[in-house]
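Pulled from TrEMBL, these are the features on record:
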- 82-480: domain 'SLC26A/SulP transporter' (DOMAIN)
- 80-99: transmembrane segment (TRANSMEM)
- 111-130: transmembrane segment (TRANSMEM)
- 151-171: transmembrane segment (TRANSMEM)
- 177-197: transmembrane segment (TRANSMEM)
- 232-252: transmembrane segment (TRANSMEM)
- 272-295: transmembrane segment (TRANSMEM)
- 423-443: transmembrane segment (TRANSMEM)
- 449-469: transmembrane segment (TRANSMEM)
- 476-508: transmembrane segment (TRANSMEM)
Amino acid sequence: MSSVETAEEFKTRSQVDQPFETQFNGSTEFILVTDHQTPEKKRNFGEFCTTGLKKVFRKKTLYKRLPILNWLPHYNRDDAIGDIIAGITVGLTVIPQGLAYSGVAGLPTQYGLYGAFMGCFAYVIFGTCKDSTVGSTAIASLMVFQFAKGVWQRAVLLTFLTGIIEILMALFRLSFIIEFVSGPVSAGFTSAIAFIITTSQIKDIIGVKNAKGVTFLERWISMISDIENIRIADTILGCSCVVILMLMRSLGDIKVGPKNNRQWYHILATKLLWFFGVSRNATLVIVCAATSMYMQERDINYFRLTGYIPGGLPEFRLPPFSIEGTPGNETTGEPAVEAESFFEMVNNLGYGLIIVPLVALMENIAACKALAKGKPIDTAQELIAMGVANVANSFFQGYRANGGLARSAVNKASGVRTPLGNLYIGAIVVFALLYLTDFFYYIPKAALASVIISAVIFQVQYQVIVPMWRSKRTDLIPYFVAFIACLVMPLELGILAAIGVNLLFILYHSARPKVRLETLEV
C-alpha cells in the first residue's frame, strides 16, 4: 500500500470479506477520510413539544401516571363491597379528625372538612397504595399553623404551592432528598410533634383560653399563667374522653365465644365490637354532642362548644394570591387583617415551602411502606398523587392533607380492596358538610381535643432508643437533637438543625472511612 491512499481505494479495499481489525493488522499508517454526511437538523420548539407530548401520552406512561387504568378494568362486585364498607368506616373517622385538626392548624373548624374530600377524589385516579387515605393529619396541621400563623388565606396558598412543588419534585426525580433525613432524625421529630400537639390541645381539655406562643415551652408558660381560669367541667369531660378512647382501642382485639365451634352470633358480636373500636372517635363525638344538645335545651351550659359551622360545600375558586385588609370587629371578636401581596404572603410562608413537602413525603412514604408488606413503592407517583390532591384542595379552600398512617391502617383493617375506597370517604365528608353542620355546633371542644391527644400520644417513638443504644449509639445524637430542638425552637429551625447535625455525621464518616489492611504471607 502506498504511503497515502485515496478514499476510493480505501473504500474498495475495505470491502474485502474479512474482519475490519484484520485489514489493518500490523499497519502503522493512518488515513484521514472526510465524512460528508448531512448534519442532523436541529429541532425547533414546536417539534420539541410534539416529541414530549408523544412521550407523555404513550400507553406505558399513561398507565404509570394514571394507576386507575391498571385496576379499574378488573374491578368487580367483591371489590365494590370491600371499598364501600371501608369507605364508610374510615369516613366516620375522618369527620371528627377533620373538625379537631383544624384547631391544631389554627383555622376555623370548617376548614378541616374542606380539605378532606377533594384530595380523596384525586387520589382515586393518581394514587398507587390501596390502603392510603388522604386527609388532615396531626403533623400537617401543626406545620400549617407554624407557617400560616392562623391566616386561612396563607394556609390555602401554602397548600397550593406545596402541591405544585411536590409535582415538580416528582417530574425532576428529586424524591431522593428524603434520604438526607435519617431514621433517628425522623423519630425525634415525630416524637417532638406529639408533645407539641398534645400541649396545644391541653388548653381545650382544661378550658383555658390563653395558650399563646410558638414553641412548646412558650405555650406551657402561657397556660400556667392563665391556670386560674380553668374550667372543671371541661377538664372532667376531656380527661374522661381520653380514658374512654384508650379503652375503646382494645375493643377490636376482643374475641367473643370459644376459639373452636364459634356460632354466627359470636362472629357478629366480635364484628360489632371491632366496628365500635375502629369508629371510636365518631362514637364518642356523637354521644358527647347529643349530651350537650340535651343540656343546652335545658339551659345547662357546662362545656365550651365548637360553635357555628357554615353549612354547604365551599365555593370553587382560585387560591387566594393576595389578602385584602379588613378592620377588626369588637362585637364578634374578629381581629383586624392586614393586606398582603402575593410576594409578601410567600415571604411570610418562608421555609414552609421547602419543609412542608419534605415532611409530607416522609409521612406519606412511611404510611405506604408500613402497609405495603415489602412491595415496592413508586415514590415519584405518590408525590404526584399528593401534589394533585393538595392543588385540588386549594381550589375548595382546604388546607394541607397527607396520607396518615393511623387512618390508613383503619382503612386496611376495614377490608379496602382498591384506591376507590377514597371516593366513599370523600362522599361521607360531602354529606356531613351538606346536612350535619348544625349538629356539629354542639360538639364540646374538650371532646375534640381528646380525639387528637388519644391519637398523637402513640406517635412518641421512645421504643427506638434502646435498639439505637445497643446497635449504634451515635444515632442517639441526631435523635435527641431533633427532639429537643423542635421543642425549644420554632419548628422549622428545629428541623433544619436536626438535618444539619445528621449531614455533619454523614460528612464525618465520609472523611474518615474505615480501612482494613490484611497482610498475606507467601
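Even glycines carry a Cβ here, placed using N, Cα and C.
Unlike curated records, TrEMBL annotations are generated automatically.
Among the stretches 80-99, 111-130, 232-252, 272-295, 449-469, the one making the largest number of Cβ pairs under 8 Å with the transmembrane segment (151-171) is 111-130. Segment contact holds for the transmembrane segment (476-508) and the transmembrane segment (177-197), given three or more CB pairs below 8 angstroms at sequence separation of 6 or more. Residues of the same chain lying 6 or more positions beyond the ends of the transmembrane segment (423-443) and with a Cβ under 8 Å from any Cβ of it are 83-84, 86-88, 90-92, 94-95, 98-99, 109-110, 113-114, 116-121, 124, 133, 135, 285, 288-290, 292-293, 296, 305-313. Across 80-99, 111-130, 177-197, the stretch most heavily in contact with the transmembrane segment (272-295), judged by Cβ pairs under 8 Å, is 80-99. Between the transmembrane segment (177-197) and the stretches 80-99, 111-130, 232-252, 449-469, the greatest number of Cβ pairs separated by less than 8 Å involves 449-469. Away from its own ends, the transmembrane segment (80-99) comes close to residues 109, 112-113, 115-116, 133, 135-136, 275, 278-279, 281-282, 284-285, 306, 407, 410-411, 414-418, 420-425, 427-429, 432, 436, 440, 443, 448, 451, 455 of its chain (Cβ-Cβ under 8 Å, at least six residues beyond either end). With a threshold of 8 Å between CB atoms, the same-chain residues lying at least 6 positions outside the transmembrane segment (111-130) that come near it are 65-68, 94-95, 97-102, 105, 136, 141, 152, 155, 159, 314, 367-368, 371-372, 377-378, 381-382, 384-386, 388-390, 392-393, 395-401, 403, 408, 416-423, 425-427, 429-430, 432-433. For the domain 'SLC26A/SulP transporter' (82-480), the predicted model reports an average pLDDT of 87.
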